[in-house]
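Read the structure below first, then the notes.
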Ligand code: PBG
């Protein structure tokens, strides 16, 4: 006969906070949090982002300060998104050694050295005037193979500026291999690649597109980002990226894709990252602003669930705040 009620009572281990804490299966560490930041060229003061309360487009000065604060709080990494003053069809600012992202990466390195892992998001959508993630053909589609050349050269520019790691997010086929080859050829054999392997065509990127000014002018990203209906396809993307040399893999967004995080974490032997994206941030902040849920508890619950699902690195706009809370 199997043991059960009334001898067995699961509530016994929930009686006090100390008991609950002792048997907790999941804990968050500041070092596994990564702060996404936006740096905008040519502004005198930080610009608030209306759909992301508390998040700004930084100036070079305010970004240095934010990086120092993140490092001070124990945050593990920072990922840089550049918003250039001028955009063109090729996204020329992406690989310009004097481009805003490269300047910001160098600034952060100057400020915190190796105190934060500095990741460079690698895509063209913030740099192109049409807002697409790559080179657009006259017919209006995103051309895979010519885009790879732009990514390869951008990766080199980012590594030269001091990025510890590059994170390709464009979902072009072969992008990890092309970037690996370029980095190795330029003497950056030891710069790892964190591949956004399973990046879904998600409605939850809405606020980010305001922040990064990278909404597509026409069409959408459904021909390269993944269909939210698919899970096995994510495993295939992860497999391909690992074969091309990815050192870490990322799932994005996080909360609607906890099952994908779990399946990937059970499959691979590299660290798994998850990106709690702008829309996840915005919907929680909006509900909290209305008094509809307990903001701080809800933030911790989402992050704990992403960790529990199997992500060991989490990108979140709350990184500094949460790192401070974890240390308090
Ligand atoms: C593309 C990129 C996007 C995000 C990160 N990198 C936007 C997109 O694919 O449209 C979204 C991040 C977020 O919503 O927080 N460079």
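In case you wondered, yes, glycine gets a Cβ from its N, Cα and C as well.
Keep in mind that TrEMBL annotations are predicted by a computer and have not been checked by a curator.
As recorded in TrEMBL, the features of this protein are as follows:
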BINDING   123, 125, 133  Zn(2+) binding site
ACT_SITE  199  active site, schiff-base intermediate with substrate
BINDING   209, 221  5-aminolevulinate 1 binding site
BINDING   237  Mg(2+) binding site
ACT_SITE  252  active site, schiff-base intermediate with substrate
BINDING   278, 317  5-aminolevulinate 2 binding site
Local backbone state of residue 133 (Zn(2+) binding site), from DSSP in three classes: coil
Among 125, 252, 278, which are recorded as recorded positions, the nearest neighbour of residue 221 (5-aminolevulinate 1 binding site) by Cα: 125
In sequence order, those recorded positions of 237, 252, 278, 317 whose CB lies under 6 Å from ligand 1: 278
Most crowded position, judged by CB atoms within 10 A, among 209, 252 as recorded positions: 252
Protein Cβ atoms within 10 Å of residue 317 (5-aminolevulinate 2 binding site), excluding its own: 25
Cβ-Cβ neighbours of residue 278 (5-aminolevulinate 2 binding site) (radius 10 Å): 25
123, 125, 133 excluded, remaining Cβ within 8 Å of their centroid (Zn(2+)): 124, 126, 128, 132, 134, 169, 170, 214
Entry from the recorded positions list 199, 221 having the most other CB atoms no farther than 10 A: 199
CB contacts for residue 123 (Zn(2+) binding site) [other CB atoms within 10 A, all chains]: 28
Shortest C-alpha distance to residue 237 (Mg(2+) binding site) - which of the binding-site residues 133, 278, 317: 133
DSSP state at residue 125 (Zn(2+) binding site), helix/strand/coil: coil
Close recorded positions near residue 209 (5-aminolevulinate 1 binding site), where close means Cα within 10 Å, chosen from 123, 199, 252, 278, 317: 278
